[in-house]
Amino acid sequence: MAPSPDGGAADKPEVFPAWCEDAEDVLDFHGVDDVGKGLSSSQVAEQRAKYGANELEHEEASSLWELVLEQFDDILVKILLAAAAVSFGLAYVDDAAAEEGWTAYVEPLVILLILILNAIVGVWQESNAESALEALKEMQSEHASVVRDGQRNGHLPASELVPGDIIELRVGDKVPADCRVLELKTATLRAEQASLTGESVAVLKQTEPAGAEDCEIQAKDSMLFAGTAVANGACVAVVNSIGMATEIGKIQASIQEAKEEEEDTPLKKKLDEFGELLTQVIGIICLIVWIINYEHFLQMEFDDCCWMPTKVSFDFGKCTYYFKIAVALAVAAIPEGLPAVITTCLALGTRKMAQQNAIVRKLPSVETLGCTTTICSDKTGTLTTNQMSVVRMVALGKSGTSDMRAYEVTGATYNPLEGDVVGLPAKMDPALTAISTVASVCNDSRIQLDASKQVYHAIGMPTEAALCVLVEKMGLPDAAENKAVIDGANGCEPVNAAWREKFRRLATLEFDRNRKSMSVLAAMGGGSSNGTVPPSPGRRSGRLAAKTDAAGAVTTLLVKGAPENVLERCSQMMRADGSVVPLAAADKEALLETVEDMASDALRTLCLAMKTGSALGKLDGYTGAEHSAHGMLADPEGYEAIESGLTFVGLVGLRDPPRPEVRDSMVACKAAGIRVIVITGDNKKTAESICRDIGVFSADEDLSGKSVTGREFAAMPEADQIAMLSGGGGRVFSRAEPRHKQDIVRLLKGQGEVVAMTGDGVNDAPALKLADIGIAMGIAGTEVAKEASDMVLADDNFQTIVAAVGEGRSIYANMQAFIRYMISSNIGEVFSIFFTAALGMPEGLIPVQLLWVNLVTDGPPATALGFNPADIDTMRRPPRSASDSLITPWVFLRYMVVGTYVGAATVGIFAVWYTSSEFMGIDLSGDGHTVVSMSQLMAWDKCGAGGQLWEGFTASAYSTYGGDAIGPFDDPCDYFGKGKAKASTLSLSVLVAIEMFNALNALSEDHSLVTMPPWVNPYLLVAMAVSFGLHFLILYVPAMANIFSIVPLSFEEWMLVLAFSAPVILIDEVLKFAARNYMHRL
């Protein structure tokens, strides 16, 4: 519906079906009495009040504040915010914090900084994501040539158009609204509407009604659509619909609808599920810690007589301590560095894909590719080259039709050096020469080389450009002349240039819908007209040449057109030796059978014919406008008579050929378990033929229930639609409209498929937006399609999609490796804190240390795991299900085992330092620290309370590497406070070392380090060195050590760290062995 004058939607009348009504009825509906006068000012005002402005609706973008708030709508972010708030509050009220100064606030500040950085990145991505609707608006015309009140306004703003306005359109104009063609001002009118309908050639328009009221867009040949362009000709039209009621407006509404239906990527869904699970786990562990330790800060005494406590004592300081443990648990459990590592890995993946011509616009789509189960592909330009090519040529033999010759023409592009005419004789006979002559001279198009890209383009109609390429592949009939022409060429079509030198074009009889042919009058000799003749003004004249001095030259009429029409006007045929004989009924029947055979192969067939000399009658010897027969060319109604009594010379079959590499890509898709569904605007027979050629279907496969038109599919009950889309094998939908593509994508997604959709036109944008991953064409694609997509193919090649899917699978496998690595590390941190609290020992790891490990130390190895080499069978496995768990029960059990060891090792080394002067032959007494019993360590919070356990307890100062001392301790109980610096450093170092070894374990989920050694990924070894370097930095730089409450370690202490950390490799090797030999057999 059209927008209201203020830009909002309003209830508007239904669009009038002008395409199937007579022009007079259309004018009556819109209140136009006189086409020459147009609407009156009062009528314009009424129409504007009724229909609104000719503008697409504008949706207000989310405000910056709304985007910021969205970034914090995540359960893990909320947990971190709560942890930061609690940490800040405790630092503010804690007396000990006052002595520490600003360093007491490091933990909450670091957490807030992380959240702010994540929010900034998220807002930037959101604000740059939506441009498809704006690109759609850019397709609208800015001005229109309108008649109102009997006056012409050539520069009326297009937004002011209303239904009923009379407008004039010429070649090159952008159509400003959906219009009904009233009158042609030239012999023909063509519109380039491929971006809207997917049709590969410009569409011929007409003034007569076309199609039924509910027909598809392609059948509305009497309509011009907003956003398309006039390819050739001129016309007068009446505006039928504007704004959101136009076809392009309906597409915008569909894009907006698809945007609202967008779902999270499979990975984001899994991470959200993990976040919810993690929240529950954190809550349960915190509760258990409090239950175990509540008696440390809350003591109650009861009498025997009743259940009510008679005395309650509460220790705020110890309560604060366990609050800190809760904060540490939250920080330990949440992998803060995971978003950054995922983004980095995806970004690296996009670089790999860009090298393969797949440009990723939205990072999550890299991961989505890895679980793609169905590719819905457009045909034109993706599976085919979008470059019309002659693939078959038919000429008569020595006896005529009884020994007709068919030549295969190879090559799939406009490059004349690519391919040739198979079996073409070294010296062409007269019949083949005649085919080459007609194809070259009866032609308004050219081929051109883009030197910067070394790519050939069509200048003009694609069909005629294909004929130019055929002529270049055939060459000239004289071998010596052909060599000379090619050797001396200064352009990309020397053979065509030679034919144009031989034939001077005198006049062009333009194509029209009735006779379905076009022809040129040419004189052999007398110089070149460069193949172009300027058009004469007016609807009722052909394009006539200026006067020529080629009097006396042989005049020839060269004709090409639809075989059924041209053959009907042929009375003779040219045999291989050049002899011309009558075309008998049997000959004509044989030629029509050949045409039918070519049509069955989905070839667009052209018939080539000619008429020479006296057969032209009065036009024989025609020289130009001064010739006595010139008047015959001024009236197009007489063209059919001129093009009668023709001599048949040959047939050519053309099509938009499949890309050579697509068939192998289809084989790869089948091996990878990926279905391919072709959705195209082309006709059914062409679509089926191409699908057989590229391997979507086998050559003799029954296509019942596998190939339907868009309208046939839309007419099915939903149950039948689902049944058709279900099951294996390919499908093809022809004559499809945008709504059909969206319906197909919705139904596939409803069946649990992960759908990749390709497209290049405006009509594809809604489906691209709706699909799990939208893939636009970089060369032929419109800006609307590109902006609605997740990925753009720089080479418009289906093979690139298949390569991108393989890369996506590899990236996802690597993401699994580092996600599991980071999660296992966090599980270890949680167990460390849990064991500390459960045993009643001093806090070994503080939140700021955990943040450093999660964000900095873990980051480089996790990122490097993204460079793991892909498995050789990546594209020989079926796609993973989007519902597959990121962490399976077995994987969870493995990392619980590893996590338990991490917790035990970090707590164990903390306890060993406090309780031992020697461990496994490693001397720990060199620093002079005081050794305590395990009982004292577990009851450290009762130090100073007296009792036999603490009687006579003293603690001496101890040294650190470098000569500094920790202590002396005026209060011996401070030995478990600031005196724990070295024990805490040992715990942190064990945690770092274990996580580096865990990174090696993550090289492969199941393969041993013996078969998958560390050097298969050299980036990981570099990353481990970086992480150890960063750890050494905070250990041995005093300012950094003070922030993290740690001290430098000696060689002996590093040996102790290795003794506690190295066993994690052996533990994981045992688990991998079990997975290989037992778990995968279940």
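Glycine is no exception: its Cβ is also placed from the backbone N, Cα and C atoms.
Sequence annotations record features per position, and here TrEMBL assigns domain 'Cation-transporting P-type ATPase N-terminal' to 17-92.
If you look up TrEMBL, you'll see 75-93 (among others) marked as transmembrane segment.
Annotated transmembrane segment per TrEMBL: 105-124 (among others), in sequence order.
The annotation transmembrane segment is assigned in TrEMBL to 277-294 (among others).
According to TrEMBL, the feature transmembrane segment maps to 321-348 (among others).
Marked as region 'Disordered' by TrEMBL: 522-541.
Here TrEMBL flags 818-841 (among others) as transmembrane segment.
Beyond its flanks by at least six residues, the transmembrane segment (892-914) meets 820, 823-825, 827-836, 839, 841-842, 844-845, 924, 929, 931-932, 934, 937, 980, 982-984, 986-988, 990-991, 994, 998, 1001, 1056-1057, 1060-1061, 1063-1064, 1067-1068, 1071, 1075 of its own chain at Cβ-Cβ distances under 8 Å. Summarising the annotation, TrEMBL assigns transmembrane segment to 892-914 (among others).
According to TrEMBL, the transmembrane segment annotation covers 1019-1039 (among others). Sequence-remote contacts of a segment are chain residues at least 6 beyond its ends whose Cβ falls under 8 Å from one of its Cβ atoms, and for the transmembrane segment (1019-1039) they are 852, 856-861, 863-865, 867-868, 962, 985, 989, 992, 996, 999-1000, 1003, 1046-1049.
Feature annotation from TrEMBL assigns transmembrane segment to 1054-1075 (among others).
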Folded-back contacts onto the transmembrane segment (818-841), same chain, C-beta under 8 angstroms, at least six residues removed: 274, 281, 285, 288-289, 292-293, 296, 322, 325, 328-329, 332-335, 337-338, 341-342, 345, 850, 853-854, 858, 861-863, 865-866, 886-887, 891, 894-896, 898-904, 906-907, 910-911, 937-941, 987, 991, 994-995, 998-999, 1001-1002, 1005
Tally of residues which DSSP labels helix, strand or coil - the domain 'Cation-transporting P-type ATPase N-terminal' (17-92): 47 helix, 1 strand, 28 coil
Within the predicted model, mean pLDDT of the domain 'Cation-transporting P-type ATPase N-terminal' (17-92): 81
